[in-house]
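Features of the protein shown, as given by TrEMBL:
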DOMAIN    12-242  domain 'Nodulin-like'
TRANSMEM  12-32  transmembrane segment
TRANSMEM  73-95  transmembrane segment
TRANSMEM  101-120  transmembrane segment
TRANSMEM  141-161  transmembrane segment
TRANSMEM  167-186  transmembrane segment
TRANSMEM  207-225  transmembrane segment
TRANSMEM  231-250  transmembrane segment
DOMAIN    279-446  domain 'NFD4 C-terminal'
TRANSMEM  285-302  transmembrane segment
TRANSMEM  322-341  transmembrane segment
TRANSMEM  353-370  transmembrane segment
TRANSMEM  376-398  transmembrane segment
TRANSMEM  410-435  transmembrane segment
Amino acid sequence: MSPQPALSNGAWWTFCAGTFTCFLTGFTYTFGEWSPAIKSSFRYSQAQLDTLALAKDLGNFISMDAGFTTNRFGAHVSVAVGTLVLATSSAFIFLSLGHDVPFAAMIVLFAIFGHSMSFCDNAGISTSVKNFPQSKGSAVGLMKAMEGLTAAVINTVFFSFCSDAQLNYFPLWIAGSTLGTGLFAVPLIAMTDSPVEEDEHRVSSKFRFLTGALLVYTAFCGIVVYLKAYILPVAVVAVLMPLGLFLLTMGGSASPRAQSLLDNGQQRSDRPNLSAWEMLLRVDFYLLFYVFIAVQGAGLLLSNNFSQIVKAVSHDPHASSAGYLTIFSIFNTCGRIFVGFGSEALKAQVNRPWFLAISATLMTVAFLFLHLGKSFLAFSAGLVGFGLGGSFALQAVVIEEVFGPKEMPIKYSCCFCAACIGSLVLSDLLAGLLYDMAAKEQGQTICHLYGDGL
C-alpha cells in the first residue's frame, strides 16, 4: 500500500516536478554552445575539449549510485543530491574561467558536473515508469521531451540578457536555474510521489493534451530562434508556459476503482520480473545495449562537437552553431514526444523495440546527408536530434517491459551506461582526434576545410 500523498492527484504533481528535474539533465546538450568559452579561456585543442565532454558524459551516464539512491531512499533524495551538486559544479566551472586550472582538475570538475544530472534523470524517469504503469511510454516521452527542449529554452533566456561575447556566463545561468528547480521539486516530490489513481481514459486524455500543448510550445521555441526574438517578454513566456501547461493536469479526483484494477492487473502479469543482476546475465540485454551505444553515441558526437562541425561544414572558422543547436534541441524534443506517445498508442500492434530501429535508421540517414555540405546542416541536425530523442524516450520503457519493474532505477542506470560508451568511442576517440589531425594538416587551430582532411 503506497503512502497517502499530502496533495491530491499526487502522481501528477510528482510528474510535473520530475519533468522539470529532467529539464536540468538537458544542460548536457548545451555544451556545444558554450564550449568555445572553455576552449578560448584555457587554449584547449578540440581533442582536449572532447575529453571534457567525455568526462561530462561518463559522469552523466555511469549512474549506478543514482539508481541505488532512488531505489533505497526515494526520488526526492536523488533530486536533492543532483540539484545541489549540479549548481555547485556549474558555479565552479564559471569561477575557473580565466584562471590557471590544471587540465586534470577540469576533467574531474566536468565529471562531477555530468554525474549530478544522472540523479535528476534517474529520479524523474523512475517515478514516471512506476506511477503511470499503463501509460509509461507517454509519461517518459513527455518527460524526456522537456529534457530535449533545454537548449532551446536556455538559449532564449540567456541571449535575452547576454551576447555571444558573454558565453563565459553560461555556467552561471545553469547554476541559478538548477537551484530554483531544486527548491521547487524536492519538497513537492517528497509530498506527492504515489501511483496514479485516475482511470486510464482520463490519464490518456491528459497525456494527449500535454503532447499537443508541448508540440505547440516546441513550435514557439522554433519561431523564437528563427526570428531571433531574444527579448525579456519572450524569455518570461518561455520559462512560465511549460509550468502552466503541467499545472493544468492537476485537476480531477482519485479513483479507487482505477487503483483496484491497476493492482489486479499487476498481479495477473506473467511477464518476466528480473532483478538487475539477472538482467545483466541475459543476452537480449546486451543486444539492446549495443543498439543504444550506436544511436546515442552518434547523437552525442554531434552535440558535443557542434561548434567544430558547423565551422568545418561551413568552411568558416567564425560560423556560429547556436541556430543549429536549437534545431537539434527542438527535433530532439519532437523525437521524444512522437516516439514516446506513438509507441504507447501502437503498443498493441507494434513491439516497442521497432521504434528503436526507426531511430537508428534516421540517425544513419542524417550522417550521410551531413556530407552534402552546409545546405543540409539543419536537416542533419534535426534528424540526429529526432533519432537521439527517440532512443532516450524508449530506453527506460523498453527495459521495464522486457525485464520487469523490479529494481527499475538500478536497471535503468545499467542501460544508461550505453551512452557514455558511445560518447567515448565516437565523440572522443573518433571525432576529436580526426578534427585535430585535419586542423594540423591545414596549419590551423580549427578545422574548417571539411572533406579532404577527414
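In case you wondered, yes, glycine gets a Cβ from its N, Cα and C as well.
By the Cβ criterion (under 8 Å, sequence separation of 6 or more), the transmembrane segment (167-186) is not in contact with the transmembrane segment (207-225), since fewer than 3 such pairs are found. Beyond its flanks by at least six residues, the transmembrane segment (376-398) meets 125-126, 128-129, 136-137, 140-141, 144-145, 147-148, 288, 292, 295-296, 298-300, 302-303, 306, 310, 313-314, 323-325, 327-340, 343, 352-353, 355-356, 358-363, 365-367, 369-370, 408, 412, 415-416 of its own chain at Cβ-Cβ distances under 8 Å.
Taking Cβ pairs closer than 8 Å, the transmembrane segment (410-435) reaches residues 46-47, 49-51, 53-54, 57-58, 60-64, 66-68, 71, 118, 121-122, 125-126, 129, 276, 279-280, 285, 288-290, 292-298, 300-301, 304-305, 308, 312, 395-396, 399-400, 403, 447, 454 in its own chain, all 6 or more past its ends. Residues 14, 17-18, 21, 24, 27, 38, 66, 109-110, 112-113, 115-120, 122-124, 126-127, 168-169, 171-172, 174-176, 178-179, 181-182, 185-187, 189-190, 193 of the same chain, all 6+ positions outside the transmembrane segment (73-95), place their C-beta atoms under 8 angstroms from a C-beta of that stretch. Between the transmembrane segment (12-32) and the listed ranges 101-120, 141-161, 207-225, the one holding the most Cβ pairs under 8 Å is 141-161. Restricting the average to the domain 'NFD4 C-terminal' (279-446) gives a pLDDT of 81.
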